[in-house]
Every structure is written in structure tokens, then in C-alpha cells.
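What follows is a short report on a single structure.
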């Protein structure tokens, strides 16, 4: 259903966008909270990377 | 003989732009000169305002056709119109940015969404003033305080409003140190402003390399409308973080960024002709942009206050206003306001987390807006 080009449409689009933004950013936050687990896979050494080119 | 001389002078005059010069052009030349003055004398975003101001002056001198099809400035504008320039700016931004503070404090990223209430207040305000929904969406995105994203969304939704929206967005970003502090102080107590936050953890190289790859996948999967911008941001960041292609990272952060900035500023300035710019709509857009910045700052601070209560006093509410994006200006403002209260409160690293999340917050809001309005 297309959003109507009136004030109701503006309110609806704003409400959906604001809530969805929270959900998605929150989801990114959850993924980032799991990032320390990556370190269990191993360690990437800065000096080794710099020397390898 | 004299009549013939005057006739020749008239012919000569008609061949110059003098005959087409209007008062509007004179006013806009003045606006361009003021921009150059602000850049040089007041140091307000000189990298942007010098080019925009100069192109604004030239665009209002009729005759040369620089801004008409075939003219050089017209081709600069095509880079913006075809949406090539904004993603390339993001490439440079990615190559300059350390996303470590955002990865280190994942719970603060929610402020990147909270500080975008201004987008929707401006959107609804624009609708009330009689703008179409697409125009209102483009105006609202000024509140995201992200220049390239504002340009990108505007070109998709309401390209005829590009000069007003880009000028408003970049002007308010430059004025954030003046706009934000009163709102931040109004909504916080002296005690809250002095909260010292815990030092964020150290982020490993592996995490920093995984971040751009993962975000690029998520954005391309869920937000195709804004994928070009975030993908380039992440590519630039991968250049930086993998440490192997430092030449590419430096080129993206310096040479590419500088060249694209020249093209962008000329393109924006060249659209500021009197006919298009000297309208009531321009004043309305400028006013709505200010409202968006104020509400965005306020909603970010209020959300951070809520987080402070939930965490038992561990969050300084001043970091909330940084969620508005505009990296790193907003984070710097949070830090400066805090350090004026207590020289021992170093908020810069804490504020960078929400600040970087704000870039994604604006992109997500813009992406949802485009999707809801059926724009690809």
C-alpha cells in the first residue's frame, strides 16, 4: 500500500522509520557485542601485516 | 558617427551577460562573497565554503554558460546528479575513520538512532508547510547532520532542492559548536555533565578488519537504496584497517577526498542561482534544518540520560548529542562541553562511539525513507 502524500502519511512514515532505525541499530549493537568472540579465532599481528608488503 | 559608436557599444553589451543581470543575481553574488568571507575570516568549514561561495558567485554572473549544459560546472554537477560524488566522499571518510570506539562500546550505538528524532520533526514540519512527502523526506534528512547522505537522499527524492538542503546541512554542521551546547546544558544537570565514564576496551586488528566486511554485507542485504554510500565507506575503512594497502588508504583519504571535495563544492555552488535560491522555500528549509538539529541533539541527550539511569550512573548524558553524526564535530562538542565542567572528564573516545553510530543511523533512516517512498 503506497503511503499517502499528506500529514498522516508523514506521521506514519516517521513512526515506522524511527522505530525501525532503533531496531536495526540495536541489531548492529548486538552483533558488535559479539565481536570479542572473533578473537578466539586467532590473533592478527599489526607488525606482521605491516612487514608483509 | 557617434550614433554608430553607441550602436556598436549596445551590440557589445548584448553579447555580455550584463543585459541579463538581475537584482537577484547581485544578492546571490553577495551571498557567495559572504560564504568566502566566513570561510577565510571565521574559519567556518573553509574546505567547503571557499568552493561553494566561489561557484555561487560565478553561477550568478550571466553570460559564461559555465553552469549550462556543456559548461564545466555543469559536468561537476553531473557527478552529484549521477550519485558518483557522495559515495567517493564516503570512501575517503572510511579511510580516515577509526571505528574502534564504536566496536568497543556496542551498547552506546543505540544513541545513533535516538539522536535522529530531528529528522522526523523536520519531515513532519515540512509537510505542514506544504512540501510534498518526497520533499519533506529530503528536508528531514538535514537532521542526520551528514552532508553526503543529505545530498544522496535529496538527489533521489527531490533533486530540485539540492542547493538549499546541502547549504543548510553543511552550514549547520559548521555551526554545531554554537547550536548544540545550549541544548545539552538545558537538558542535563552539572552533576550529570561531570560523570567520568569507564575506559573503553582495546579493539583487536581482527575485529577492525571484520567490521567493514560484515557491515557491507548487512547493508547490501537489507538496505540496497543506500548501499553505494556505506559500501564505499566500508571499502575505505578496510583499506585503512588491513594495513597492507596503506598507499590506497592514503590516496582515498587525501588525493581522492580533495579532488572530490573540489567537484562537490563547485557542483553545489553552481546550483545556487538566484531564480532557484531566492524563494520563501529556502527560508523554510533553513528554519526546518535548525529545528532538526536542535531536536536531534535533545533526543540524543535524553536517550543518554535514560541509559545513565539504567546503568546506575555510568553514562555521561553529554555523549548522547554526538549520536547526531557529523563526525567528528559532534563528538568534539560533547568533549568540549564536558571538559569545561570538569577538566578531568575526557569524553572524546566515548562520544566517538555514538558519533560513528550516527553515520549508520542517518544511513538507515535514509534507506528506510527511500524504501517506504518506493525509491530505488
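Cβ coordinates come from backbone N, Cα and C, glycine included.
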Could you tell me which of the ranges B:286-307, B:308-329 is annotated in TrEMBL as transmembrane segment?
B:286-307
Between B:256-274, B:332-350, which stretch does TrEMBL give the note transmembrane segment?
B:256-274
Restricting to CB pairs under 8 Å, which listed stretch, B:47-63, B:75-95, B:169-188, B:256-274, is in contact most with the transmembrane segment (B:209-236)?
B:75-95
With CB pairs under 8 Å as the measure, which of the listed stretches B:20-40, B:47-63, B:107-126, B:286-307 comes out on top against the transmembrane segment (B:356-375)?
B:107-126
When you look at the transmembrane segment (B:107-126) alongside the transmembrane segment (B:286-307), do they share 3+ Cβ pairs under 8 Å, ignoring any pair fewer than 6 residues apart in sequence?
yes
Contacting positions for the transmembrane segment (B:256-274) when only residues 6+ beyond its ends and CB under 8 Å are counted:
22, 24-25, 27-28, 31-32, 47-60, 66-67, 73-74, 76-77, 79-80, 85-86, 88-89, 91-93, 95-96, 151, 162-163, 166-167
Proximity verdict for the transmembrane segment (B:47-63) and the transmembrane segment (B:107-126), three or more C-beta pairs under 8 Å:
no
Intrachain neighbours beyond the transmembrane segment (B:169-188), with Cβ under 8 angstroms and 6 or more residues off its ends:
44-45, 48-49, 52, 142, 145-147, 150-151, 286, 289-290, 293-294, 297-298, 301-302, 305, 317-318, 321, 324, 326, 329-330, 332-334, 336-337
Counting only residues 6 or more past its boundaries, what in the same chain has a CB within less than 8 Å of a CB in the transmembrane segment (B:75-95)?
67, 147-149, 151-152, 155-156, 159, 162, 212, 228-240, 248-250, 252-254, 256-257, 260-261, 263-264, 266-268, 270-271, 327
